[in-house]
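Notes to accompany the following structure.
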Amino acid sequence: MSSPDADQTAPEVLRQWQALAEEVREHQFRYYVRDAPIISDAEFDELLRRLEALEEQHPELRTPDSPTQLVGGAGFATDFEPVDHLERMLSLDNAFTADELAAWAGRIHAEVGDAAHYLCELKIDGVALSLVYREGRLTRASTRGDGRTGEDVTLNARTIADVPERLTPGDDYPVPEVLEVRGEVFFRLDDFQALNASLVEEGKAPFANPRNSAAGSLRQKDPAVTARRRLRMICHGLGHVEGFRPATLHQAYLALRAWGLPVSEHTTLATDLAGVRERIDYWGEHRHEVDHEIDGVVVKVDEVALQRRLGSTSRAPRWAIAYKYPPEEAQTKLLDIRVNVGRTGRITPFAFMTPVKVAGSTVGQATLHNASEIKRKGVLIGDTVVIRKAGDVIPEVLGPVVELRDGSEREFIMPTTCPECGSPLAPEKEGDADIRCPNARGCPGQLRERVFHVASRNGLDIEVLGYEAGVALLQAKVIADEGELFALTERDLLRTDLFRTKAGELSANGKRLLVNLDKAKAAPLWRVLVALSIRHVGPTAARALATEFGSLDAIAAASTDQLAAVEGVGPTIAAAVTEWFAVDWHREIVDKWRAAGVRMVDERDESVPRTLAGLTIVVTGSLTGFSRDDAKEAIVARGGKAAGSVSKKTNYVVAGDSPGSKYDKAVELGVPILDEDGFRRLLADGPASRT
């Protein structure tokens with residue numbers, strides 16, 4: 001129970017959490033979806049740590065859709081077909097100091113004693129890729145995505161010279177039936193420089209750094225473009241494997257090399273923390289001797305059995321950590337400070353600087369966050385400023401070189417009106433550091449982002465309606481807001497250059513858009529909820545609400561307490577839902593969609609038996625035949641509740657590979673635990689299958 005003082009500060013804590021979670025999510029969007037981050041790794045890590053600390057102090061704020069519970073790009077639209085990983089593809093926790101590394105090693109020692117050895121490998125600054133081989137043949141390649149579902153980039157991956165089409169069998173290591181191997185796609189520095197030189201010759205903009213160029217090259221729609229770019233890959237881990245059970249990660253790497261897969265030459269074993277520190281210190285001094293960019297050293301427990309014992313959190317394994325090196329710094333001239341309006345109305349100032357080389361790439365722009373941060377840093381327009389690239393990747397302004405001032409510098413004045421729509425700017429609540437544009441309905445900047453969100457993969461997943469299409473529709477005044485999307489006609493689309501051919505006819509993409517909009521009208525209710533851009537409502541909360549209430553009208557009519565009582569929702573999301581439906585123009589959007597034929601009820605397939613009616617089931621770990629979303633939808637379709645946490649009310653826990661803490665909680669509470677076969681029997685026959 002919270003103290004009286006805590007109760008009094010609860011509203012302020014909630015506001016602080018909402019602002020922080022929103023800021024983290026916006027930066028995740030810019031990093032994973034746009035490939036155009038505006039803050040440094042260090043700044044993002046600090047934001048995430050502040051959010052984690054706040055949720056640690058107030059666990060009731062931690063929702064399934066919180067950025068602390070999600071991996072990478074969860075919840076954002078992508079350009080390629082979604083595919084499920086056979087086993088979760090997690091991120092890594094970071095250590096920035098010797099003390100943080102020692103604390104991690106201490107936790108390992110407390111759990112497994114002196115039994116662990118440590119594998120040290122370079123942290124390549126590239127793009128994560130997962131390869132699946134069946135009977136030795138490459139059948140799929142996919143990006144990390146949200147850790148469970150990634151983008152299918154198989155055709156592009158096949159153009160990478162390091163990726164074999166078939167594995168080479170060996171006497172010591174027979175090729176396994178199924179092999180899911182993880183690695184990093186990157187550019188060697190000389191290949192990156194050659195690519196940028198060719199782009200400049202063609203009159204195109206060069207890439208800012210090798211990581212961005214690797215991401216852009218891997219995501220080309222035309223594999224021939226990818227093939228012309230000299231991408232490389234190094235493997236650094238396993239996912240789901242059938243027919244091969246290595247005792248150590250070191251042994252797994254030997255097998256990968258024997259099969260013809262690329263493995264780093266710079267991987268070493270250490271017996272203790274002192275050996276780990278020696279490797280970290282060595283590469284800290286010699287990092288620029290490597291032919292590709294690195295931003296640290298990854299340290300992993302080598303023994304596979306100990307890895308299983310240590311388990312993982314919802315986003316990262318406990319048996320591995322990435323030690324990141326201190327950033328590099330440079331000086332340059334701050335030419336101007338300009339502001340940008342984000343999708344939630346937050347006004348962000350940006351530093352525009354004389355381009356300068358830092359850590360191997362050219363930097364000319366960086367975020368300054370807000371007016372308070374500019375004041376804290378003490379920077380003036382015209383200053384010589386110190387910039388750094390945390391993790392050798394993303395730039396940040398540290399502060400001015402005061403002794404170089406000549407009196408011509410001037411103070412930056414935050415605008416009082418929105419640069420997009422001219423509305424007066426103000427903090428949303430007293431005490432907020434950020435100022436916002438309150439014109440949520442009419443601000444072009446916010447409107448563009450909302451239209452884009454409607455079509456996102458976790459929204460209504462409407463192909464063709466990407467960012468460019470949304471901008472074209474708004475600029476041509478074909479739509480006034482997202483409410484008019486589903487009333488679009490061929491005549492409307494012909495008013496835009498984007499969807500009109502030179503002959504004045506509707507383009508192929510225009511025809512596809514109309515077909516896809518019509519298909520989206522029949523989307524499940526939870527997708528409609530996500531598409532409405534209700535703050536904090538992601539797929540998990542949307543599914544829970546759709547299952548509990550069955551229709552959008554019932555959700556709108558529910559009280560905040562009723563909404564909060566739904567498992568997976570809680571008070572923060574409930575308050576956001578109530579506030580959203582209290583706004584007149586929000587309800588107008590719902591009415592427009594309803595009039596256009598968008599389905600507002602959660603229709604159930606009557607042919608599916610309700611074998612799980614009244615049961616609460618938790619799924620943990622990776623299942624072979626189900627993605628996490630598939631398993632949840634199978635439970636809900638049969639009348640059950642797919643919960644996110646284990647409690648005394650839980651009827652069954654379904655445990656796949658690497659189940660984590662939910663498995664331990666089930667054992668502690670005596671909740672029945674099913675493997676995947678048991679889960680299939682439960683779906684088919686209900687609890688009777690357990691007797």
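Placement of Cβ uses the backbone N, Cα and C atoms for every residue, glycine included.
As recorded in Swiss-Prot, the features of this protein are as follows:
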{"type": "ACT_SITE", "residues": "Lys123", "note": "active site, N6-AMP-lysine intermediate"}
{"type": "BINDING", "residues": "Asp41, Ala42, Glu43, Phe44, Asp45, Ser91, Leu92, Glu121, Arg144, Glu184, Lys300, Lys324", "note": "NAD(+) binding site"}
{"type": "BINDING", "residues": "Cys418, Cys421, Cys437, Cys443", "note": "Zn(2+) binding site"}
{"type": "DOMAIN", "residues": "607-691", "note": "domain 'BRCT'"}
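Of the candidate binding-site residues, Glu43, Arg144, Lys300, the one lying closest to Cys421 (Zn(2+) binding site) when CA atoms are compared is Glu43. Among the record's NAD(+) binders, Asp41, Ala42, Glu43, Phe44, Asp45, Ser91, Leu92, Glu121, Arg144, Glu184, Lys300, Lys324, no two C-alpha atoms are more than 25 Å apart, and one pair sits at exactly that spread. The closest partner of Cys418 (Zn(2+) binding site) among the binding-site residues, by CA position, is Glu43; the full candidate set was Asp41, Glu43, Asp45, Leu92. Across the domain 'BRCT' (607-691), the DSSP tally of helix, strand and coil residues reads 34 helix, 16 strand, 35 coil. Taking Cα separation as the measure, Lys300 (NAD(+) binding site) is nearest to Lys123 of the recorded positions Lys123, Cys437, Cys443.
Secondary structure at Cys421 (Zn(2+) binding site), as computed by DSSP, is coil. Rounded to a whole value, the Cα-Cα separation of Cys443 (Zn(2+) binding site) and Glu43 (NAD(+) binding site) is 28 Å. Comparing the residue listed as 'active site, N6-AMP-lysine intermediate' with Leu92 (NAD(+) binding site), their Cα atoms are 11 Å apart once rounded. The 10 Å shell around the Cβ of Leu92 (NAD(+) binding site) contains 17 further Cβ atoms across the protein chains shown. Neighbour density for Lys123 (active site, N6-AMP-lysine intermediate): within 10 A of its CB lie 22 other CB atoms from the protein chains shown. Its Cβ taken as reference, Asp41 (NAD(+) binding site) is surrounded by 23 other Cβ atoms within 10 Å in the chains shown.
Across the fold, the C-alpha of Leu92 (NAD(+) binding site) and the C-alpha of Cys437 (Zn(2+) binding site) stand 36 Å from each other. When the Cα atoms are compared, Glu43 (NAD(+) binding site) and Cys437 (Zn(2+) binding site) turn out to be 24 Å apart.
Annotated Zn(2+) site Cys418, Cys421, Cys437, Cys443; additional same-chain residues within 8 Å of its Cβ mean position, judged by their own Cβ, are Val341, Gly345, Pro419, Glu420, Gly422, Ser423, Leu425, Pro438, Asn439, Gly442, Pro444, Gly445, Gln446. Note: the Cα of Arg144 (NAD(+) binding site) and the Cα of Cys437 (Zn(2+) binding site) are spaced 34 Å from each other.
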